[in-house]
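Features reported for this protein in Swiss-Prot:
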- 1-17: signal peptide (SIGNAL)
- 120-184: disulfide bond (DISULFID)
- 149-163: disulfide bond (DISULFID)
- 197-295: domain 'Ig-like' (DOMAIN)
- 224-279: disulfide bond (DISULFID)
- 324-333: topological domain 'Cytoplasmic' (TOPO_DOM)
- 329-332: motif 'Internalization signal' (MOTIF)
């Protein structure tokens, strides 16, 4: 498996391209969210991801895997997919049943929600790491590593009891170990190859400036918007000349509907000091040609366009009115 992983890394990221290797997602993980409303009603949602790219989901009502990408199936045969569907269906039904039957053991009250994430990651050197973590109501509950269950401090006695309980289910351990150490590594290696054109696409960002709400008397909030870029890593900074402005505030990199990304970066500054500031954007798709937007230029250009358009529109309206009145007057005569 290690030799295969190293060969794939060499194929995906040729020599001298290690910086790009850090940009592309190399981990596959599944997310499970199970909501328990009462002792008879529960709902689970499961989805599979390559980094931040959704690959598919599991429909627990029909017991089928729904692939979101043409290449999401990777090199798995229809028979293998069917086996996974049956395994997931048995797991989901068993998980819900066990939780509901052991409510009193863990002193839990309805409604509540359990979240879980499990998967594997192709890391530097060609090795593959595995992970499984669980959360209760959004708080860390436990993690499983090397066939050992580790209760999280936030989980308290409930997490300790759960780890003690799950160790008794050898069948569950065997299934998890097989999925994490065999199925997942094979899948991540395959899907990275089959989805390479999409995974390694380059989409250039759009950038523009705006003014945010005033942070105080005599102050301006300068906002630099960067949107539509892929892959996710991006560098955005407010600058004065070549000097980075340490007061720059960066928001979270958020997903767009088309699987590109959006980032907003702000700077609070005295109004008289805004002149000469610029927003610089670095992204792999730009190939070293950084985007630089100067504060005031976009505003002045907008005013110039407005100053040209408004008089033209006024003249056009006056001409139409004059023509209409002249035409109406001639009809009367």
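Even glycines carry a Cβ here, placed using N, Cα and C.
Swiss-Prot feature annotations superimposed on the structure.
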| residue | record | Cβ neighbours (10 Å) |
| --- | --- | --- |
| 120 | disulfide bond | 25 |
| 149 | disulfide bond | 19 |
| 163 | disulfide bond | 20 |
| 184 | disulfide bond | 22 |
| 224 | disulfide bond | 26 |
| 279 | disulfide bond | 26 |
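Over the domain 'Ig-like' (197-295) the predicted model carries a mean pLDDT of 96. Across the domain 'Ig-like' (197-295), the DSSP tally of helix, strand and coil residues reads 9 helix, 52 strand, 38 coil.
Ranking the disulfide-bonded residues 120, 149, 163, 184 by the distance of their Cα atoms from the Cα of residue 279 (disulfide bond) places 120 first. The CA atom of residue 149 (disulfide bond) is located 17 Å away from the CA atom of residue 120 (disulfide bond).
Rounded to a whole number, the C-alpha distance linking residue 163 (disulfide bond) with residue 120 (disulfide bond) is 21 angstrom.
The CA atom of residue 184 (disulfide bond) is located 40 Å away from the CA atom of residue 224 (disulfide bond).
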